[in-house]
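Inspection log for the structure reproduced underneath, given as structure tokens.
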Amino acid sequence: MEITNVTEYDAIAKQKLPKMVYDYYASGAEDQWTLQQNRNAFSRILFRPRILIDVTKIDMTTTVLGFKISMPIMIAPTAMQKMAHPEGEYATARAASAAGTIMTLSSWATSSVEEVASTGPGIRFFQLYVYKDRNVVAQLVRRAERAGFKAIALTVDTPRLGRREADIKNRFTLPPFLTLKNFEGLDLGKMDKADDSGLASYVAGQIDRSLSWKDVKWLQTITKLPILVKGVLTAEDARLSVQAGAAGIIVSNHGARQLDYVPATIMALEEVVKAAQGRVPVFVDGGIRRGTDVFKALALGASGIFIGRPVVFSLAAEGEAGVRKVLQMLREEFELTMALSGCRSLKEITRDHILTDWDIPRPQPVARL
């Protein structure tokens with residue numbers, strides 16, 4: 001079957017992967033309402049294309065934290081990629097580098113920061129979970145820095161793991177031939193079988209529930225790397241992120257895997273952008289499957305987007321070639337959307353190019369005498 005869009009990789013991954021692994025990647029928390037909304041909310045945004053503009057040349061390049069990339073489409077951190085394909089994070093790193101964009105490596109990767117760095121040049125960010133043992137955190141951050149990683153994406157929405165019922169049913173655990181490579185040798189790389197989700201038990205034992213704004217400051221004392229706060233959904237927390245010295249914000253609901261019934265990220269985006277007031281860049285992840293989605297996110301003020309599940313599904317289907325194809329398809333769709341909307345560069349994409357159903361004035365009830 002010829003793959004013509006990103007979503008088609010989902011069905012292939014479902015066929016190829018063991019049920020426990022596919023369900024881990026695909027599922028959301030509890031009723032999975034937010035999981036559906038992350039995708040469906042994009043259909044509530046329509047285009048207002050401008051015509052008769054010379055779109056012979058389209059420039060999609062941008063800079064993120066001072067690093068030039070080929071397009072505003074980047075790779076989000078997704079854990080344990082060797083469950084999807086033997087090459088795992090190596091394949092993803094090479095595909096991102098070939099596409100001229102940024103890969104974010106998960107703390108819970110099945111390849112270490114050093115191993116990913118060994119795949120060759122590329123701009124890479126490191127996603128950080130804060131463990132109870134702060135020495136482990138400091139050591140990990142220093143290793144990422146030494147390995148040439150350019151920023152820390154601090155995940156702030158996971159003091160406890162969301163209730164992912166598929167993982168409970170499947171008694172999810174990391175396959176025995178894999179470990180969380182960044183924690184090997186620290187007795188923290190193993191995930192034991194549990195009565196429910198092995199990952200939930202691991203998080204309960206290791207992750208620091210006391211994480212607070214003062215820890216964003218603490219992180220700045222142990223690294224010179226810029227810190228992105230990942231998991232912001234409100235204006236209040238956007239303002240606090242800026243006050244705490246964050247270099248950027250990632251609007252994220254953790255792929256709808258944490259608290260169910262939070263808004264779709266694309267709906268929370270504009271509130272966060274307005275609160276940030278241009279002081280730091282705002283990025284978004286969650287539900288992005290088309291170049292049209294990328295355009296909509298930028299029109300609502302995002303400086304760039306991150307994709308997660310399309311990476312692991314394409315990785316499962318076709319390894320590195322699959323991830324390359326996902327990035328290429330999104331790039332081509334995004335370029336076409338820009339052309340058909342009359343935008344030749346990212347700065348020409350404005351709020352005026354879209355109409356959301358929450359912009360439309362609601363009819364007021366008529367008072368009856």
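Here the Cβ of each residue, glycine as well, is placed from N, Cα and C on the backbone.
Whatever TrEMBL says is automated annotation, not expert-curated.
Residues annotated as active site, proton acceptor in TrEMBL: HIS254.
Long-range Cβ proximity for TYR129 (glyoxylate binding site), meaning a same-chain Cβ under 8 A and a gap of 6 or more residues, is found for SER107, TRP108, THR155, THR158, ILE207. Taken from TrEMBL, the feature glyoxylate binding site covers TYR24, TYR129, ARG164, HIS254, ARG257.
Per TrEMBL, FMN binding site is recorded for 77-79, SER106, GLN127, THR155, LYS230, SER252, 285-289, 308-309. Around the Cβ of ASP285 (FMN binding site), 28 further Cβ atoms fall within 10 Å across all displayed protein chains.
What TrEMBL lists as domain 'FMN hydroxy acid dehydrogenase' is 1-359.
In this structure, the CA atom of ARG309 (FMN binding site) is 11 Å away from the CA atom of HIS254 (active site, proton acceptor).
Just so you know, the Cβ of GLN127 (FMN binding site) picks up 24 other Cβ atoms within 10 Å once every protein chain is counted.
In this structure, the CA atom of TYR24 (glyoxylate binding site) is 10 Å away from the CA atom of ALA79 (FMN binding site).
On the backbone, the CA of GLY287 (FMN binding site) and the CA of ARG164 (glyoxylate binding site) stand 18 Å apart.
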